[in-house]
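Copied over from TrEMBL:
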type	residues	note
DOMAIN	1-148	domain 'Glyceraldehyde 3-phosphate dehydrogenase NAD(P) binding'
BINDING	R10, I11, D32, S118, N313	NAD(+) binding site
BINDING	S147, C148, T149, T178, T207, G208, R230	D-glyceraldehyde 3-phosphate binding site
ACT_SITE	C148	active site, nucleophile
SITE	H175	site 'Activates thiol group during catalysis'
Amino acid sequence: MKIGINGMGRIGRAALKVINETPGLEVVAVNDIVSIENTAYLLRYDTVYGVYEKEVSHDLDTLVVDGQKIQYTSIKNPEELPWDKNEVDLVIESTGVFTKGEDAERHLKAGAKTVIISAPTKSMDTPTVVHGVNSEDGNTSVFSCASCTTNNISPVVEVLGRRIGIKKAIMTTVHAYTASQGIVDAPSKKNFRMGRAGAQNLIPTTTGAAIATTKTLPEYSGKFDGVAIRVPIPVGSISDLVFVTDKPVTAEEVNRILIEESKTERYANVLDTTDEPIVSSDIIKSPYASTVDLSMTRVVDGDLLKVMTWYDNEWGFTNQMIRQILEIKG
């Protein structure tokens, strides 16, 4: 399957690297308004993941990664991208700009057959798909893979809802800082707190993961909400989920269920568990969407349940997208 990537930021670059290691998938064209020289440099050198082991070079309009030539363009209008020329089957839309379904559809006019939006979408008629949790219907040409946090919490919510029953839930993601934040205090129109120095503060803020989770699992609409705390680390996050269950449970029972589900075909490579005393740096480059920290499971009075689950908010999410692409490929 031939892949195009629009947007070579953190997720776009991670996607290229994961696809490079995935048989049956090939990146043939990428687009970013940043120069090819800068993109090649950022592919090669990464503060979080280290120096890329594959050779990266370029000429005027060709990026060469591990000997594979990839057309490079810097075009702002998706309808003008060379997807048709490169026989692109699927586009990863990772600019963070074209998150509405109707905007992402512009890639179809350029010749792409399918578009995955690597962010939550506010378009009500655009499906949200979390690999392992729900599926697109096979006829969907544009859909969202939600967010890293949605991919992290949805498997746990689905499993516990199905196995023990959930009346309602609330979550807090303790989330690594992202490119939307600055390193020094600066004005921020929508959220004053998010303008504060990202590498020096714990920053309480909102998260779209709760809404995206209810789009993935609509039975929890009106019964699930959440917030975020941005923390001063570059990658490695953890979600703190609190449930009111339908029936009395124990921490041991919940952990047993999560371990069992992590070994099923449905959740293989998606849901993991650990009883090791890990910290955030230990989750870096984990391909799993969700790694439940079994030692942190708590139950109060039988029906108030806490589960905490780790994720690499870049690498884990990217691997989820690639797993979804492989499902489409068949």
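For all residues, glycine too, the Cβ spot is worked out from N, Cα and C.
What TrEMBL annotates, mapped onto the structure for a quick look.
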{"residue": "I11", "record": "NAD(+) binding site", "Cβ within 10 Å": "24"}
{"residue": "D32", "record": "NAD(+) binding site", "Cβ within 10 Å": "22"}
{"residue": "S147", "record": "D-glyceraldehyde 3-phosphate binding site", "Cβ within 10 Å": "23"}
{"residue": "C148", "record": "D-glyceraldehyde 3-phosphate binding site", "Cβ within 10 Å": "28"}
{"residue": "T149", "record": "D-glyceraldehyde 3-phosphate binding site", "Cβ within 10 Å": "26"}
{"residue": "T178", "record": "D-glyceraldehyde 3-phosphate binding site", "Cβ within 10 Å": "15"}
{"residue": "T207", "record": "D-glyceraldehyde 3-phosphate binding site", "Cβ within 10 Å": "24"}
{"residue": "G208", "record": "D-glyceraldehyde 3-phosphate binding site", "Cβ within 10 Å": "17"}
{"residue": "R230", "record": "D-glyceraldehyde 3-phosphate binding site", "Cβ within 10 Å": "24"}
{"residue": "N313", "record": "NAD(+) binding site", "Cβ within 10 Å": "25"}
Item checked: In the chain carrying H175 (site 'Activates thiol group during catalysis'), residues 6 or more apart in sequence that have Cβ under 8 angstroms from it -> T149, T207, A228, I229, R230, V231, S237, N313
Item checked: Three-state secondary structure, D32 (NAD(+) binding site) (per DSSP) -> coil
Next item on the list: Could you measure the widest C-alpha to C-alpha distance across R10, I11, D32, S118, N313, the residues recorded as binding NAD(+), and give it to a whole number of angstrom?
Entry: 22
Notebook entry, point to check: In the structure shown, which of the binding-site residues R10, S118 has the fewest other Cβ atoms within 10 Å?
Noted result: R10
Notebook entry, point to check: With the D-glyceraldehyde 3-phosphate site defined by S147, C148, T149, T178, T207, G208, R230, which remaining residues of that chain have Cβ atoms positioned within 8 Å of the Cβ centroid?
Noted result: T173, H175, A209, A228, N313
Notebook entry, point to check: When the Cα of D32 (NAD(+) binding site) is compared with the Cα of each of the binding-site residues S147, C148, T178, G208, which one is closest?
Noted result: T178
Checklist line | Between C148 (D-glyceraldehyde 3-phosphate binding site) and I11 (NAD(+) binding site): CA-CA distance (Å) | finding: 10
Check: What whole-number distance in angstrom separates the two most remote CA atoms of the D-glyceraldehyde 3-phosphate-binding residues S147, C148, T149, T178, T207, G208, R230?
Finding: 15
Margin query: Please give me the binding-site residues out of S147, C148, G208 that lie within 10 Å of S118 (NAD(+) binding site), comparing Cα atoms only.
Written below: S147, C148
Notebook entry, point to check: Between C148 (D-glyceraldehyde 3-phosphate binding site) and R10 (NAD(+) binding site), what is the CA-CA distance rounded to a whole number of Å?
Noted result: 12
Check: If you measure R10 (NAD(+) binding site) to T178 (D-glyceraldehyde 3-phosphate binding site) at Cα, how many Å is it?
Finding: 9
Note to self: Quick check: in three-state DSSP terms, what is R10 (NAD(+) binding site)?
What the structure shows: helix
Check: Can you tell me the three-state DSSP label for S118 (NAD(+) binding site)?
Finding: coil
